[in-house]
Amino acid sequence: MENIEKKLMLGDLLFPTKTFNVLSDFGADEPFLIDGDSLILYLFSTFNISSHKIKDKQLLSTDKCQSILFFHYFESFIANVLNRKTKFQIFFIDENQYFYKNNTLKLIRKICIDYYINNDKKNVLNNSNVQFTLIKSKWWEDFSSIESYLLENMFSFMLVLFPAQESFEKYYRVDIQEVFILKTMKFLDYVVEFNSISFEGSCIETIIYGKGTMFQRGYPYFCNKEFFKQIDSFYNNEFENFNSDKLSFKDQNQILFNQQQSENRDNEINLLISTMFNNDISNNLNRIYCIYLVLLESLSIRDRGFILPTCYKIDENVLNFLDNASYKNLLYLQQVSDSSSSSSNNNNNNNNNNNNNNENINLDYLDFKLFYQILIQIQIKLPKDLNELNNIFGEEIIIKSKLIWNNVKKDFGYDIGEFDNFELFSNFQDRNNNLNDIIQEMERRTKEINSIDNSIYLVENDFIRSVAPQAYEYLKPFQSENYPDAESTINTRFIDNYHFHSTRTIEPDAFSIKLKETTFKTKKHKQRAEDKSVGSFKKYADSLNDPRNILIINKLNPTKEELEKERIKKEKEDSKKSYKKQSSSSSSSSTTTTSTTTSSTIKPKSEIGKLLESRLNQDKKRYESELDDCKSIKSFLKFLNNLDLLTSLPELYLQYFDHLINFLVKQKEDLIEEKKRTILLERKQQSKTKTHIELSEYEEKEIETSLELGIKEKSQFYQMIQKYLRSFITEKSKILSTKLQIDFANRFYTISKSLIGLSDLSNFINDHWKLKLPKLDESDVGNQQLKNSIEFQLKHSPDTLIRNTGSVEDSRVRHFKPDAWQVELLDIVDKRESALICASTSSGKTFISFYCFEQILKESNDGIVVFVCPTKALVNQMYAEVLGRYDKNYQAINHRPSNHKMVGVFTRDFRLNIETCQILITVPQCLEILFLSIMNTHFIQRCRYIIFDEVHQIASSVDGAIWERLLVFNPAPFLALSATLGNLTDFHNFLKKIDPNRKVSLIHYQSRFNDLKNFFLCQTPAKDNKSFPTYTIEPLHPMATLDQKKTGLSDISPDLKLIAGEAIQMYQVLKEKLGYEKVNHLDPVKFFANIPNKQFNLEKQHIEIYQAELKQFYTNLPSMTEKQLVVKALTSPKYNDSLKFDWASEITNIVLELQKQDLLPALFFSFNRSLCSRLAQRVYNDITHRNTNPNIIEEKKQLDLVIERFQKSLGRALADLEPNDPEKMELERLKAKRASLDYLKPQFGNLLSSDIDEKVKKDPLAPALTQGIAAHHGGCDKNYLRNVEYLFRSKKIQVVFATSTLAVGVNAPAKSSVFLGDSPYLNVLTSKQCAGRAGRRGFDNYGNVIFVGLPKQKINRLLNSRLSNIIGNSVVSPSLCLSLVSRYDYSTNGSANKSNEENKVQVKENEKEREKEKEKEKEKEKEKETIADNWDDDDDKKEITVADNWDDDEEETAESTKTTPATTPTTTTTENTPATTTTTKTPTTTSLKKLSSEDILDVQILKKSTKSLLNNSFFLGNPLQVQFQFLFSIDYLYRETYLSKDCVPMDNFSGIVTHLSYLEPFNFTFVSLLKGGVFDNLPTNQKDCDYFIIHILSYLFCVQNIPSIYVRSPSILILPPLPPTVHKIIKNHNDRLLKTFSTYLYVYKKYLKSTNDFLPFSSNDLKDSQKTTTTTTTATTSTITNKWNENFEKLKPSTENFNTGDLLSGIFKVSNLKKLKNILGSNTYFSTRILPYCNVDGSPVNSYLLDFYKHSQKKPLIEDNKIKESDLWTLLKEFSLILKVIATALTRRNPDSPISLAFSGVAKRYIQKFSDNFDH
């Protein structure tokens, strides 16, 4: 196989995506597949995935294999996946064992399969969300069994190990793994690699691979017959060899399977197996193996934690011995399995050998490290007699070893000599190692490990102690006694009071609304800017709302006090009136007289009446004249469907009905006669006789039946009658007299009977108006398919079903009647309560936001409501909506000039009225900035409501943590809106738990106002080369999606709904397949029998009940065969496995087909930005080419030549010509004619050139707009996007190709949502959001969802799956903690408003005081400890509970300032050491008595919100874990000199950290480079200086790694390596970080007692419970191991300090992130994202940022650097902002320093280059 030359590599056939969270993109509830062999190989090669510079190559080693350690990692991995609430299967292919190259791995694999798959226990993991499967398949020959398995289970992806490491080739056949991946990709769309997998909090992150463009062409290079033959030959050879060895082994050792079990049966067998075929090896190894078996059984797992130095070289003979032992054990276990299978098949249960029982599988089967330890002791001490051997291992150990040895000799009859042959031992020396050096190294390493300092630095103040009391108390015993001293270098307190983009200081009252003196100076300039901004949104706003409905607020609602005064005033007035009855009566009389006089003088009323009467007469004459001209059904219905004139001109309506009936009767008669004549004429011509030919009565009836109205016309007549009946009966309007109603009823009866053919409707009309006409039955209405009106409504008139949503009039809402659930929401807002609202898209949930806005605007001028959007597009839309709905006149309300603004916007690139607005529209990242800003006291206190739109974004792997932090940190009432929440109850409970004193209601409304119809596009291939493929849009019945499995059916999802037509179709299939008797109760006539007026007035709610009953009946069917019959009958024959095709090349024809079917306007969703743009361009080009006349092209050329010659002939005289000059006019005429030739009428829409904004016309996609085609994605210009949204809403364009940017809340109503092709980003959540854009309320009766080019299985999963559960996030990080501490420090010390200069003076004074205080330091420390103890008591009593009320917080804060001797630090720092903690008399916190009430309230809010943040993680159930993360972050900040010992924030580049917090961890890395002096000696040449800075930053920010598929391309530009000094600084920073975090992790694991969970699932299945002990060695191990433990005490780490996994693996010192991730454990959820760890040793980094600065060209970045065009603007813009932030922070610290000047210069120049290349 390896000799086959491959021209391609695996990466050429698959394309990788960026690393992202597979759970959020595929969906946590989507089942996926794990390749079991890949998992085994991954665990044995995981460290090879890390940097090649890491010394520890592997996590697990076959040479030093410990099987129990493998299963620890194996089960921990499974537990980690399960803890993310996933569903998956792990499968093994039995035949793959022969492709392993290592016998130990084969043995591990065998144990794994026996334990987890062949175990007699059912599901040993006791978890239904994971299943193990073993498949027997020679898949290279026949893939059908695996294909069936994949198709049956519909896995979303497979997790597999790519053969990218050397260790893989060492263990497994690389080429076979590659072929297996490709074969699997034939039936799976995506594979996910093990190589990059990482558990980050609630996320599982890795790289996803899809099929590349070369997949189909390259597949044969890998998967060819010749190659498969070689695989088969290799397999057969390995299989035969193994089978031969197995049979030989069985023949020679039949006694193994027949002997009765002895006391030490397991060990005897193991020893026998190991010794049997090793005669050529020294018998010493057999004896050592015997001792090893006894110790393996006797020692606890924790007592086997030896350190085996990497310098120890294992003898080749030993390796062969152990490898051979593994192989013989594999043969033995295989024989046991075969025997068990044979016994089971023969029902023979007489086998007494427990080893044959798969329940007793021993996971602790191998421990080669223990064997090497025994070997080393034997070889170094060379025992000469039994006493010496006993002194090494203990007498009891040797006795047991001899017993096993002798039993083997006796029981099995093998002559293996004597055990105590000490001549062999004494001559057994190690010639590869200096064993004394090895022992010394082991002792040194053990001593070093046991002396690891696990102490921590508890940086504390009142804030820290109060927000994390539990963790603080638990960490106290581990607190370091000696905090490091350092030289003073930092003497300035950090105050984050400036904007990230400007050095301008933020005023303390920035968020208070006051009219400042500077307002008058800057008002005009500022107003002009704001007017310009508002003006740009005017057209956008008008497309969202009718500008005539704008609400102008000129006054505020009265306050409670004002209402009370008004009530008292009214009571006084009423009491005065009661004493003046006479005057009151005379007044009443006078009023009556006046009224009479007034009424008699209203002359205009009669004139209006005459005018109305005149118009009515004109209308009557016009309609009467039109009646005579009516020649079609459409013309009759146009008048009859309009009931506006019914009360005024009922006779005219009756005339129209009569004419309509007569018209149809005559039309039918004429058609019958014409058809008769035609038939008779044909027969005459065919007949040769002249006899008279007549039609039979049957033939005449057939002709009459064939000429009945079509179903479309019948539906129109039915809906017309339905409208009249509802007006006359259900609406109970007394608009017509009874006589007139009877006249109308007679016409209705005739139409229902003769035209529509519904007997029950005719009988209803007859009975209701007592017409006394004959009762009809089905035979009286002709040969009709439908004979009752109920089925007719369901099947042919579902659009007119009553949509009764419980709407009622409510004075609080303008312009519409709110539904019942919306009224409940109004009440919640009026009470200032919170709510979680989950309602389907287009149901109208956003209305509550506008009610909230209106209430706040009317209530006061100071209150703020914040609207949080997930995207900037939604921010723009909401801003425009507010502008279009409201206007508030603050000057009229205040009676003076005002600084207030109604609405503001805050995004990273657009800021407007943030400080002065009442409605703030923002994104979550910017709201967090406001929450954490030290200047936001007034802002938070003014917040009345916060509205979180699309709150399911909390599940996002990108910014989900920010959403969660905002929800937890928010102190105000809130509304959380979403249409797609899976675990709704869990999420609601989480929101309630945040603040138990805050009521959070749940509003769950599942119904859609407009239902969705599902379709799929079917391609019919071309018949020959001359023809083209055709496309049909076929309806997709929801029940067809149940056919997900090849051999079965899936269950019905709760979200699967049937609309009316689908419900009646299902009933008819059930009746046909099962018989009417079984389903008669589901007969619509019977089911709806008790519904009043059912013949014309069914409601949508009735259908929902009916479809639920149908689904329940189907679910309860006992027979799978019956279910399959039903599903098959409801499935279109075209809905098969051939739905995937090359749709992109046919996109124009597809769009035209939708236009033909009247399915436009439509949103075409594709989740690739570049593809969206290309599709829009392609359709535009095709349409332009098709609609352009070739003759016009020639005419254009001729006209261009004429114009050019004409202009040349005029020459310079042209400029002097008058406008009315004939020559000038002729030239203008020619130009106008030329311009007219360029105009093409839009194919999709109706827009003019003026509809396209001037700013947009230069956009590359602008020409496509002229044909009604657009693209919409995050890479587009914002002006273009805004224009597209406006044009689409206005129906001026009808085709938009979009990513999910239009799926999240943007108002883009469409008739259809079209999914183009598959994508890993297309999951259930995304599909529901995208589909919800179709059929918006008030626009369409139905929404259409069309699937194009998606596999059937994917469509099934999207339509018949429940929404994924929200998992949650890790919410704490060092950057966040620094912001929290900075804000607290400013709130408690900001009342003095000290500037930085004042702080510097204060610190210098403190330094002078320090010398005087040194003598008193010890006494103060004692005093401090005493007070801290008092604090601890208080914490125990008060702080443990999460739900503290506001009063408790206030008392607690006030008390703390009285009792705690808070001190300010005299900070002393160096590069890598924390601040000194010497104290002075100067207080660090100001007494609350000295603070303002606003500052006190701010402190209370901050503490309460931070407590909530640390105690209410949606993902982490245990709040202590979050508190540990918080205190670790504080410790880290102290060690890195961002905080002092008393938790005072220091200005040590802290501004860069906080303002670049969203780029964590690289904000900290950059600061470490600054402090390390990387930029101290910059090149003097400006260009070289700029290149150096950008080179360094390109490794940290906006990094684009180069996938392996591109590395081979010479056109890719790779960044040069970082300088060694940079590497060293980063490494030192990483080492300090990991050391600190390891300590906290160690303490937390100690708290969890995690050694009990060494095997998360199988702890109780270990052979010896003693092996899981958590106490000390002397207390747990038996006496037989005392000697061993005594001799080896110096050679193994203390079991007290480390858990079992650490002891066995030898990972004691965490040197890299990969190691850290492997020791986290399955019961800890620490995300490594919270660590400011920077790894720059990974894959090559794209140099596009540096390249752009060098050549300033976009094209090379796209073509050479392979940066997507749609991403380029975003990346370069982001990098420009980063440069600006850094330059601002450095300039603020020291504007004249060379570093500040260098960064300011490069930032300015980079931004200029960016602006020159990008217009937007």
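Just so it is clear, glycine is given a Cβ too, placed from its N, Cα and C backbone atoms.
Swiss-Prot has this to say about the protein:
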{"type": "REGION", "residues": "338-357", "note": "region 'Disordered'"}
{"type": "COMPBIAS", "residues": "339-357", "note": "compositional bias 'Low complexity'"}
{"type": "COMPBIAS", "residues": "562-577", "note": "compositional bias 'Basic and acidic residues'"}
{"type": "REGION", "residues": "562-605", "note": "region 'Disordered'"}
{"type": "COMPBIAS", "residues": "581-603", "note": "compositional bias 'Low complexity'"}
{"type": "DOMAIN", "residues": "826-999", "note": "domain 'Helicase ATP-binding'"}
{"type": "BINDING", "residues": "Ala839, Ser840, Thr841, Ser842, Ser843, Gly844, Lys845, Thr846", "note": "ATP binding site"}
{"type": "MOTIF", "residues": "949-952", "note": "motif 'DEAH box'"}
{"type": "REGION", "residues": "1388-1487", "note": "region 'Disordered'"}
{"type": "COMPBIAS", "residues": "1395-1427", "note": "compositional bias 'Basic and acidic residues'"}
{"type": "COMPBIAS", "residues": "1445-1454", "note": "compositional bias 'Acidic residues'"}
{"type": "COMPBIAS", "residues": "1456-1487", "note": "compositional bias 'Low complexity'"}
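Averaged across the domain 'Helicase ATP-binding' (826-999), pLDDT in this predicted model comes to 88. In this structure, of the binding-site residues Ser840, Thr841, the smallest number of CB atoms within 10 A of the CB marks Ser840. Counting other Cβ atoms within 10 Å of each Cβ, the lowest count among the binding-site residues Ser842, Ser843, Thr846 belongs to Thr846. Counting residue by residue with DSSP, the motif 'DEAH box' (949-952) contains 2 helix, 0 strand, 2 coil. Residues in the compositional bias 'Basic and acidic residues' (562-577) partition by DSSP class (helix H, G, I; strand E, B; coil) as 16 helix, 0 strand, 0 coil.
Just so you know, the Cβ of Lys845 (ATP binding site) picks up 22 other Cβ atoms within 10 Å once every protein chain is counted.
Neighbour density for Gly844 (ATP binding site): within 10 A of its CB lie 18 other CB atoms from the protein chains shown. When secondary structure is read from DSSP and collapsed to three states, Ala839 (ATP binding site) falls in the strand class. Here Ala839 (ATP binding site) comes close to Trp821, Lys845, Leu977, Ala979, Ile1003, His1004, Tyr1005, Gln1006: these same-chain residues lie at least six apart in sequence, with C-beta atoms under 8 angstroms from its C-beta.
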